[in-house]
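In what follows, a structure is listed as structure tokens, so that the remarks can point back to it.
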Amino acid sequence: MLFSLAPMEGITGHAFRQVHAACFGALDRYYTPFLTPPQVGSAFGGRARKELDPAANRGLDVVPQLLTNDADRFVWAARLLADMGYAEVNLNLGCPSGTVVAKGRGSGFLRDPDALEAFLQDVCARSPLPVSVKTRIGIADDAEYGRILGIYCRLPLKELIVHPRVQKDRYQGKPRWEAYGETLARAPFPVAYNGDICCRADLDALCAAYPQTRHVMLGRGILTNPALARELRGGGALAASELARFHDELYGAYKAEIGGNAVFRMKEWWSYAKFAFADSTAVHRAVRKARTTAEYEAAAARVLSAQPLASSPRFEG
Ligand SMILES: Cc1cc2nc3c(=O)[nH]c(=O)nc-3n(C[C@H](O)[C@H](O)[C@H](O)COP(=O)(O)O)c2cc1C
């Protein structure tokens, strides 16, 4: 079984990926949070340039993800990525955010299947890198997926990663596994599953229903339990000392990158990591109150030394 880290904007950037790999061993693959391709003729700038810097991704199998509905910009960005040494480019057809959807990007692109097919035929023909897609199954209704999957099946995709929710689900409700099963049955290319795999029982249930499962992308489950992939492979449970080390290294990496703003990044991580503890409410209160760097460091140290871990740490959405 192949395990990869889901792209999560604002969280699973290069610092998170490197610290996670150093503390828990590298996953089989990592996807960057979505990046906007530059204008044709321009280089990646700002955050994207840092995110893609080969030195920041050394030793890891990283697949850059693009968010766009502009074929020329996608192909141009794929050329830049090929020159940097990347071997695959991923298209985001899942982002449910209102502003992204309104511009016909992310899951918003699924609203116009004809335009989506023209875009994908064009970029698959012109991209210098193999193209994979991470998709939701529609906007409002799973009945939309048959037509969308039909489009994918006519394309030479490197892989299709299915997060079987519709845009209107956001991150709520049970993933619609039947759509994943339909993908496995029809797709002529490799398929990956993503959504709510947060413990061994979740993976066992998925594999019992769909034994052909070969690649599972892990997201919020790893934010709560950074040892999740090890546990899914039959290894040991998360230890408090491991979580403390992971926290300290992640905070250190963020401080080196963005100084005092590291506290805001860490609070975002804590909104998932708190579920690793037996009393997630107490952890939430302790960390949320911290305003200054010194307050944050004292609160985090108190939580990590005094709050016991849950018996089976699991993200609770
Ligand atoms: C804070 C946050 C940021 C996300 N950013 C991205 C992103 O940049 N690109 C993407 O394809 N999906 C993004 N996602 C969706 C995740 O990759 C994943 O599909 C989703 O969380 C379901 O998987 P999980 O249940 O394993 O977390 C994001 C999700 C969250 C919670």
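Backbone N, Cα and C define each Cβ position, glycine as well.
Because the structure is a prediction, the values reported are computed rather than measured.
Under the heading domain 'DUS-like FMN-binding', TrEMBL lists 5-231.
In the three-state DSSP scheme, H163 (FMN binding site) is classed as coil. Residues within less than 8 Å, Cβ to Cβ, of H163 (FMN binding site) and separated from it by at least 6 positions along the same chain comprise G94, K134, T135, R136, P175, N194, G195. What TrEMBL records for Q65, K134, H163, G219, R220 is FMN binding site.
Secondary structure from DSSP puts C95 (active site, proton donor) in coil. What TrEMBL records for C95 is active site, proton donor.
Around C95 (active site, proton donor), the same-chain residues at least 6 positions away in sequence with a Cβ under 8 Å from its Cβ are F34, L67, V101, R105, G106, S107, G108. Using a 10 Å Cβ-Cβ cutoff, Q65 (FMN binding site) registers 23 neighbours. DSSP assigns R220 (FMN binding site) to a helix.
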